[in-house]
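Chemist: Structure in structure tokens, see below.
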Amino acid sequence: MTADFETQLRAVSLRVTRPRLAVLAALRDHPHVDTDTVIALVRADQPTVSHQAVYDVLRALTDAGLIRRIQPAGATARYESRVGDNHHHVVCRSCGAIADVECAVGRAPCLTASDDHGFVVDEAEVVYWGTCPGCAADRTAQRSASSEGNR
Ligand SMILES: [Zn+2]
Ligand SMILES: [Zn+2]
């Protein structure tokens, strides 16, 4: 698996470094995490890596297209290593949980804007907002708890 990451890095002319490999591995195992979480995951394995080094790696990998930075309105930026398929996200308004939503296989119909105003469109950003199953269950639990006077 590390060999895959090395191939990916070389394909975009980035030097193979341990922090870069660690960030790619962290995002493969934990999609849609924010910068602080990436730092914690990398440091669990490589305690000497600085915050700045992780920031730099995230920027370099994003610029190279190996990872994707997503930033739902009002949320902190998250990163994922699933790139290039124009998939969308569903975001929980309560806890910020994010999950992938497939776009159509093959040509992405949402990229065909009803009016592109002459722009060459290469990405359509669609975010579905809602409440995740965990938060929905919590709310139901809270409601019944408060009706019993526990909260
Ligand atoms: Zn939630
Ligand atoms: Zn995603």
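Every residue, even glycine, has its Cβ placed from backbone N, Cα and C.
Not my notes, these are from TrEMBL:
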type: BINDING; residues: CYS92, CYS95, CYS132, CYS135; note: Zn(2+) binding site
Chemist: Any idea which of the binding-site residues CYS92, CYS95, CYS132 has the thinnest Cβ neighbourhood at 10 Å?
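Modeler: Per-residue Cβ counts within 10 Å for the binding-site residues CYS92, CYS95, CYS132 bottom out at CYS95.
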Chemist: In the same chain, which residues outside the set CYS92, CYS95, CYS132, CYS135 have their CB within 8 A of the centroid of the CB atoms that define the Zn(2+) site?
Modeler: ARG93, SER94, GLY96, ALA97, THR131, PRO133, GLY134, ALA136
Chemist: Please report the DSSP secondary structure of CYS132 (Zn(2+) binding site), reduced to three states.
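Modeler: Coil, per DSSP.
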